[in-house]
Structures are given as structure tokens and as C-alpha cells.
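Residues annotated as transmembrane segment in TrEMBL: A:12-31, A:38-59, A:65-85, A:154-175, A:207-227, A:298-315.
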Amino acid sequence: MNFSDLLSGSFQQGLGTSAIVYCLAAIGLNIHFGYTGLLNFGQAAFMAVGGYTMAMLVVQWDISLWLAMLVGLVLAALLALLLGIPTLRLRADYLAIVTIAAAEIVRQLYGSIALKKYFGAQDGLTSFSADFRALNPFSGPVDLGFVSWSKDDAWVVLAGWVTIALCCLLVWLLMRSPWGRVLKSIREDEDAVRSLGKNVYAYKMQALMIGGMIGALAGFFTALKSAAMNPTFVATDVTFFAYTVLLIGGAARVLGPVVGAVIFWFLLTFLDLFLSAATDDEGSVLIPEAIMTNQQASLMRFIVMGLALMLLMIFRPQGIFGDRRELAIDGR
Amino acid sequence: MRIPALGLLSLVLLPLLLLAGPSHAATASAAPGAPANCAKADRDDGTIHVRVCLRDRRGNANDPVAGVTVRVSDLDGNPIGEAVSDADGLADVNLGEVIDVLGQRYVIEIDTETLPEGTALQNPKDVKRTTEQFQLETDYSVTFPIDDKIEEPSDWDLALNLLATGLVYSAILAMAALGLNMVFGTTGLTNFAHGELMTFGALIAFAIDSMPGEISLFGHDYSVLVACLVGFLASGVFGWLNDKGLWAPLRRRGTGVIAMMIISIGLSIFLRNSYQYLVGGENRNYSQYTDLQPYEIGALRITSLQITVFCIAIGVLVAACCLLQFTRLGKATRAVADNPALAASSGINVDRVINRVWIFGTALAGLSGALLGVTQGFNFQVGYKALLLVFAAVTLGGLGTIWGAIAGAFIIGIFIELSTLVVPDELKYVGALVVLIVVLLIRPQGILGRRERIG
């Protein structure tokens with residue numbers, strides 16, 4: 001086992017394309033959960049709508065990728081409207097149930113054989129990223145010493161971190177505005193805000209739509225990073241990966257999702273690479289097969305993630321940067 | 001020996017080819033299964049033909065079918081030509097000069113009236129096939145397999161059978177929904193790990209069932225039933241463990257409901273993947289009841305397993321409702337669900353009641369999972385896949401209500417099965433989840449829920 005390989009592989013993921021996708025998804029969740037207290041368990045649905053709309057419009061109708069992205073953002077906002085109308089007046093668990101159901105509906109529809117001619121069923125969609133790649137400023141692989149990316153990946157990484165910076169700026173500006181303060185007070189005490197004459201329902205809806213649109217951005221990068229869109233990319237668990245990312249960094253903090261994504265993917269990849277090397281038949285086997293096979297090692301990331309999500313929420317719900325007082329979220 | 005094996009191969013390949021569409025069908029006839037006379041003929045007269053092979057595949061045979069009319073038309077429906085299959089089962093239609101045919105697409109249609117008595121196309125919906133654009137100057141060969149005519153059951157018969165399947169499924173769903181609603185009613189927690197509690201029951205039952213030897217009584221093998229019973233009991237212990245180990249300490253710390261929901265999500269991911277770690281990802285069957293001959297009662301076809309599962313589930317549901325309605329513990333449970341503070345002040349030990357509810361609710365979920373495993377086969381996400389339907393059921397019936405959970409489960413379970421009359425099978429769960437969202441729009445408290453719980 002080569003530890004420098006492990007480290008560089010982990011950095012590769014921690015700064016790379018996966019971290020970007022989950023960082024964007026978590027920024028969207030931060031607006032929902034961190035600032036407004038909305039329990040959106042279906043961020044994967046917004047990602048799916050974003051990614052699939054973009055890919056489908058380019059592949060089937062041959063329109064410009066950028067226009068397709070715009071349509072994707074609009075549809076994500078519409079999905080938020082659709083999910084918000086029945087649930088935002090109700091208690092938090094209704095939104096949670098409806099959004100997780102929506103994520104499953106969307107995923108099954110995109111993967112269905114009935115709609116194969118539009119969305120390609122389980123095969124998904126490919127060859128839509130030409131417009132994006134045409135703008136690639138890199139002419140060859142990029143090597144930063146401890147990490148290196150192929151030409152295409154480097155462009156996704158650059159564009160991704162720029163998008164994240166812009167989203168963070170947006171969140172920062174929004175949350176120091178009077179609008180953002182209303183959101184935070186809704187999280188603290190909805191009835192008090194209502195008594196001040198604010199339309200809580202409208203504010204919640206706006207927050208749900210903006211967060212959903214950032215979720216759609218995450219969907220765009222999901223599709224662009226592998227130049228393909230596929231129902232497995234937007235499985236229900238994706239949302240909870242994003243929650244873990246958000247809770248590691250700290251909810252209700254502008255940079256929380258960024259720090260969370262880097263740390264989460266660094267640790268997860270490190271664990272993954274370590275265990276797969278430790279159980280590999282080829283090298284020196286550290287862990288005997290009776291305890292863990294190579295196949296079982298690939299499950300450890302999910303087991304650890306589930307455990308991490310529980311323990312974080314129990315012992316340190318504010319994450320690394322968060323403020324515990326800001327996260328006294330209670331059931332409503 | 002060679003021909004039947006090849007015929008079998010083409011039979012296996014056929015559904016794939018049908019899915020893949022006409023472009024692949026063209027190559028299909030060149031596959032080893034097709035007899036020589038269906039392959040492209042050696043002609044050199046500057047025309048392109050469509051060569052349709054009709055093959056009788058009954059009983060693994062591959063015999064030619066003569067006297068079947070085949071029509072070819074263009075995409076607008078204008079007829080191009082027709083032919084009747086000869087003794088070799090070949091109908092050959094001349095499309096015309098190469099120059100006219102290239103770049104065109106055609107529709108090949110079988111006149112099903114002319115098929116021999118008692119036969120039909122193997123896939124009755126496969127009467128028409130549309131070709132790809134012709135690109136090469138070669139003939140287009142395609143094979144239509146013919147098989148016994150299967151009497152299509154009428155919609156009513158189909159609905160009756162789906163209703164029976166739906167009832168069995170609903171009864172299983174109702175146990176899980178009742179378990180979820182009891183916990184929700186007393187603690188306010190929407191437990192996203194409830195699906196894993198169901199899988200736990202199925203897992204224990206599977207482990208007991210796969211132990212060597214069988215458990216028999218009076219000469220009958222009752223292994224699976226005993227395994228389900230053990231799964232039920234073990235789930236109760238698991239519920240006690242869940243509450244004592246996790247939820248009771250959290251309640252004492254005053255953890256909020258939203259935080260608890262996220263913790264339950266973490267628990268769900270942790271448990272589900274641990275199950276896969278232990279038993280792997282394959283689908284497995286329990287040792288009994290996998291290949292049952294159904295009873296036929298009129299148009300209804302139902303297996304003894306379905307009847308048994310339904311009776312067990314209904315029995316357990318009735319017992320559970322009686323317990324909640326008439327015993328001291330049941331009354332205490334309902335009191336805690338109604339108003340914990342008031343219940344505590346009138347001398348009820350709220351924490352102990354909640355602990356009993358966890359034991360009982362998890363045992364119900366475990367039994368439901370075990371029975372689901374027996375009817376559908378067991379894998380590590382048998383409960384997880386049902387979780388959203390359980391949610392749909394309790395939301396429809398009313399979160400936290402006892403009768404609502406049961407009513408909701410029956411509506412959802414029957415709806416899922418009956419909806420396959422109109423929607424494709426793969427999308428049947430989607431319909432149920434759409435119902436869930438629509439219900440929240442119209443009547444958020446559910447059918448039997450009360451207004452004040454939702455706001």
C-alpha cells in the first residue's frame with residue numbers, strides 16, 4: 001500500500017468533480033435547511049430535473065447547452081413551486097415526506113422504459129457537452145503537483161469552483177439582506193414572524209425555489225463531469241450525502257458546504273481507497289477475507305456515512321463552523 | 001440436437017431483439033437460429049425485397065408457416081405490395097428499384113386473420129414493424145415467430161386478480177403502517193428507518209429459514225412460518241434496543257423532531273448497508289412456497305400462500321387494534337399520543353409506554369417485512385422499497401392515527417395493483433406517490449386525521 005497514492009487520490013476527489021457536485025447541492029440545502037429550516041429530503045429531484053432537462057434538450061432538440069441550462073433552472077423552480085404549494089403550510093415532516101417521494105417519482109420516470117425515447121431509460125443520455133467543452137481554456141492535462149486532472153476534468157473543476165464562489169457570494173449577499181433576516185427568523189419562530197405581518201408562506205416558497213435552482217446547478221455538473229446523465233446519479237441517497245456534507249461544514253454558514261464537501265470527499269475517498277487496497281487480492285492483504293471482502297469494502301463508505309450523519313446530528317449538529325445557538329431547530 | 005438448441009437460443013434472444021427495434025431485427029435473421037432460406041437471396045436485378053419469415057415456434061419447433069398474408073406499405077400508409085408465405089414460410093415483397101428504395105422506411109404488417117387456427121404471433125402486439133432507413137443494396141429480412149394463441153383474460157378478470165393481490169399486499173403494508181403511526185403518534189418522530197426495521201424481520205426470518213434442517217409438526221414442514229414468528233419476536237427486541245439505545249436518550253436530551261428525523265435517515269443508511277454487508281445484494285427466496293400451483297375459483301387465481309399471509313396479517317391487525325382499544329396499555333398509549341403532558345400528570349409512565357410502543361411497532365414492522373419477503377423474495381432493501389408506500393399510506397390515512405394507517409394502507413395497496421391496468425408495471429409505485437402529493441393538496445390531515453396535528 002502506497003500512502004502518497006492514497007493521499008493524492010483523496011485530494012483528487014476532495015478538490016475534484018464529486019466534491020463540486022455535492023458542494024453545490026449542499027449550498028442549496030443550506031438555504032432550505034440551514035437558513036429557513038425547511039426539511040428538503042429530495043434535493044436529488046432538483047438535481048435530476050436540472051441535469052436531465054439540460055441533457056435532454058441538447059440531445060433531442062439540439063438547442064444550445066446554455067439555453068438548455070436556463071430551461072433546467074426554470075423547471076427546477078417550477079418543481080419547487082409544485083412541491084411547496086401543498087406542503088409549506090404544514091408541519092416540517094410533510095415537506096420531508098413529499099420531497100423524498102418526489103425524488104423517487106422523478107428518478108423512476110427518468111429511468112422508465114415508457115419514456116425511453118426522451119430520457120434513454122437506464123442507459124441515460126450522452127453527448128450533450130460539446131458546447132461546454134468548446135470553451136475549455138486548457139489545452140492539455142493539468143498537474144498541480146499533488147493532484148492532476150485530465151483536460152476535460154480540469155475545465156469542469158475550474159468552472160465548478162467558480163460557480164461555487166458565485167453561489168457563496170449570492171448566499172452571503174442574500175442572507176445579510178433584510179430578506180435573509182426574515183428567513184432566519186422564520187427558522188427561529190415562524191409565528192413571531194407572521195405576527196409582524198410577513199407572509200411566511202411566500203418567503204418559504206422563495207427560499208425553496210432558490211435552493212432548488214442551486215440544486216439544479218449541481219445537476220448540471222453531475223451531467224457535465226461524466227458527460228452523461230443516468231438515473232443512478234440521482235439516487236435518493238444523494239440527498240443525504242449532501243446533508244452530511246452540509247452538517248460537517250456547519251449549516252447556516254456561507255462557507256459551511258464548501259469546507260464540508262472538501263473534508264467529506266477527502267475522508268470518504270481515503271477510506272475507500274484504503275479499504276480497497278487493504279482487501280485487494282493482488283497486494284498484501286491487511287484485512288482477511290472472512291472479515292471483509294473487496295466487495296464489502298465498497299459498502300463501508302455508506303455504512304460510515306450513515307453513522308457519521310447520526311453522530312454529527314447527535315453530538316455536533318452545528319458542524320465545524322456552525323453556531324449551536326443558530327441551530328436550535330425544532331419540530332414545526 | 002443442434003437445431004432445437006439453436007431454436008431455443010433465438011427464442012431467448014427474441015425479446016431482446018424486439019426491444020432493440022427493427023434495425024436489430026434485420027441482423028436477427030442473419031443470427032444462427034434462422035434457416036438458410038430466410039437469409040438474403042442471391043439476386044442481381046437491381047431491386048430490393050423485404051423477405052418475411054414466418055416460423056412456428058410451438059413446442060421448441062421452428063417450422064415454416066404457409067398461407068399468411070404480409071403487407072408492406074410506406075410510412076404514410078400507401079400500400080407498396082403484399083405477398084403470401086410459401087411452403088418455406090417465406091413471404092417475399094418486391095419494394096422496387098434500388099434507387100427508389102434507398103433512404104426510405106417501410107412498415108411490414110402481418111394479416112393476423114390469415115394465421116393458422118389456434119395460433120397467434122408470439123408477441124400479439126408485434127403485428128407491425130417499421131424498418132430503418134434503407135442504406136444498403138441488400139434485401140431486408142425479418143422473422144415473425146408464431147406461437148399458441150393465448151386467451152387474453154378480460155379486464156374484469158384481470159382486475160379481480162389484481163384486487164386479490166392488492167388485498168394481500170395492503171394487509172402487509174397495513175402492519176408496517178400501523179407500526180409507523182404508533183411510534184409517530186406517541187413520539188412525533190417520522191421514522192425514516194422504519195423500512196430497515198421491516199427488513200430486520202425479513203432478515204432474521206431468512207437466517208432462521210436457511211439454517212440446516214427443517215421444523216416440522218405432525219409431518220408438515222413449518223420452517224418458514226416459524227421463521228416469521230421468530231422474526232416477529234426478534235424485531236420486538238430490536239425495537240426495545242432502538243428505543244433504549246438511541247431514541248430514549250435523545251428524548252431525554254430534548255433533541256428536536258427535525259434533528260431526530262435526520263438521525264433516523266442516518267440510521268436507515270447505516271442499517272441498510274450493514275444488511276447488504278452481511279447478506280450481499282442478491283435476491284433470494286425462502287425455502288418454501290416459491291412454486292405454488294394457484295387455486296382457481298372462477299376467474300380468480302390465488303395461492304395458498306396468499307390466503308395464509310392475508311389471514312395472518314388480518315389476524316395480527318385485529319389483535320393489535322383490540323390491544324390498543326381495550327387493554328390498559330392500549331389506553332395509556334392513546335392517552336400519550338393525545339397529550340403526553342396530561343398523560344404524565346395523570347400517572348402514566350410516559351417513557352415506559354413509549355418503550356412498549358417501540359417494541360410493539362417494530363415487531364409489527366418486522367412481521368410485515370418477513371411476510372413481504374416470503375411473498376416477494378428477500379433482499380437487503382425489501383423494506384426500504386416499501387417505505388415510501390408506507391409513508392403514502394399513513395399520510396393518506398392520517399399521520400398518527402390507528403385506523404387511518406390501516407385504511408390508508410388498503411387504499412394505497414389496492415390502488416397500486418389496480419393502477420397497472422392503465423399504467424406500465426414499472427411505474428406503479430409512482431402512481432401511489434403522486435396520490436400522496438395530491439392528498440396533501442386536498443386534505444392534508446388525511447382521511448381520518450385531525451386538523452390540529454398538521455399545522
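Note: Cβ is positioned from N, Cα and C throughout, glycine not excepted.
TrEMBL: automatically predicted annotations, no manual curation.
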Positions on the same chain near the transmembrane segment (A:65-85), where near means CB under 8 A and six or more residues out: 42, 45-46, 49-51, 53-55, 57-58, 95, 98-99, 102, 106, 128-132, 204-205, 208-209, 211-213, 215-217, 219-220
Within-chain partners of the transmembrane segment (A:38-59) [C-beta distance under 8 Å, separation at least 6 from its ends]: 21, 25, 28-29, 32, 65, 67-69, 71-73, 75-76, 79-80, 83, 88, 92-93, 95-103, 105-107, 110, 118-119, 124-128, 131, 204, 207-208, 211-213, 215-220, 222-223, 229, 231, 233-236, 238-240, 242
Tertiary contacts of the transmembrane segment (A:154-175) (same chain, 6+ residues out, Cβ under 8 Å): 15-17, 20-21, 23-24, 27, 30-31, 35, 132-133, 135-138, 141-142, 181, 183-184, 210, 214, 217, 221, 224-225, 254-255, 258
